[in-house]
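Novice: Taken from TrEMBL, the feature substrate binding site covers Met39, Gly187. The ATP binding site feature in TrEMBL is assigned to Lys115, Thr160.
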Amino acid sequence: MKRIEKLKIQSPLVVCITNDVVKNFTANGMLAAGASPIMSGEKAEAHDLMHAASALLINIGTADRAKVELMDRMMEAANEKGKPIVFDPVGYGASDFRVDITEDLLSRHQVSLIKGNGGEMLALSGAESSLKGVDSTEQTDTAEIADAVYSRFKIPALVTGKVDALATENGIVTMFNGHSLQGKITGSGCLLGALTAGFIGLEKEFTAEAVVDAVSYYNLCAECAAAQMSRPAPGTFISHLIDELYLSEDRLLQDRTVKGL
Ligand SMILES: Nc1ncnc2c1ncn2[C@@H]1O[C@H](COP(=O)(O)OP(=O)(O)OP(=O)(O)O)[C@@H](O)[C@H]1O
Ligand SMILES: Cc1ncsc1CCO
């Protein structure tokens, strides 16, 4: 079965421990694409949720000490039950707190994919980054950054931007779809992290093909969304993007532009 069809039929449950800004957008985007999101604020339910789930998303965008405990318990349960984890270090480098919690969680749990924008991932690679908030200002090539993060952690690394890049033990894949309006709405990368967790969860474990399909499908839906609009602008783009995630099918992936797979 093709991957988009499989997502819509199997509706993998993804536990999303994500930031307060994007919870609603993430849940709507996941549902539209066919996945089944569940958000949680209680560490006591970690084992039950991760028993039923296909994957876990951890996004540190508005983490505080209590949420870090929740993330820790969810990641522990996911590892125990062999469920893949996607980790999104939102704003890494913007504060010592974000650096410390990321380093700590990544050192104590097994993660299938680290994903972030150029600024976050450049900082995570150990290089100097000019990140001040959660948005990327980096000009460095995303492929170079992905490679640097992979070299540091030996965990597959996805760096987003105009060109998206995935680094794994088999080398670098670059992906060229998407629309500039994705950079003008909040939570665009956060939703991609959740979708990626859903796609990896369908396969039970990490495959580069699942991640490339997730990124390409999402970005092609964004292109279609913008093409529907007579005056492309962020507000209505969000609605069109959700609609395209719902309406589009596997054949859309025939239009993807990918190098290195
Ligand atoms: N200029 C652009 N052209 C095409 N696609 C883009 C552009 N900017 C971002 N994207 C796409 O938007 C998505 C999010 O990438 P981005 O790097 O903006 O994430 P982010 O900064 O983590 O987002 P957020 O923190 O708001 O969730 C990716 O799928 C990426 O391919
Ligand atoms: C704006 C913002 N601040 C913390 S998380 C978040 C959502 C985009 O990452």
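Glycine is treated like the rest: Cβ placed from N, Cα and C.
Automated prediction, rather than curation, is the source of TrEMBL annotations.
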Novice: Within 10 Å of the Cβ of Thr160 (ATP binding site), how many other Cβ atoms can you find? Include all protein chains, please.
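Specialist: Around the Cβ of Thr160 (ATP binding site), 28 other Cβ atoms lie within 10 Å.
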Novice: Are there any residues at least 6 positions away along the chain from Met39 (substrate binding site) with a Cβ closer than 8 Å to its Cβ? List them or say none.
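Specialist: Expected: Val15, Cys16, Ile17, Thr18, Lys23, Ala27.
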Novice: Could you check which of the binding-site residues Met39, Lys115, Gly187 have their CB within less than 6 A of ligand 1?
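Specialist: Among Met39, Lys115, Gly187, near ligand 1: Gly187.
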Novice: Out of Lys115, Gly187, which of these binding-site residues shows the lowest number of other CB atoms within 10 Å of its CB?
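Specialist: Least crowded of the binding-site residues Lys115, Gly187, by Cβ count within 10 Å, is Gly187.
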Novice: Reported as an integer number of Å, what is the Cα distance between Lys115 (ATP binding site) and Gly187 (substrate binding site)?
Specialist: 13
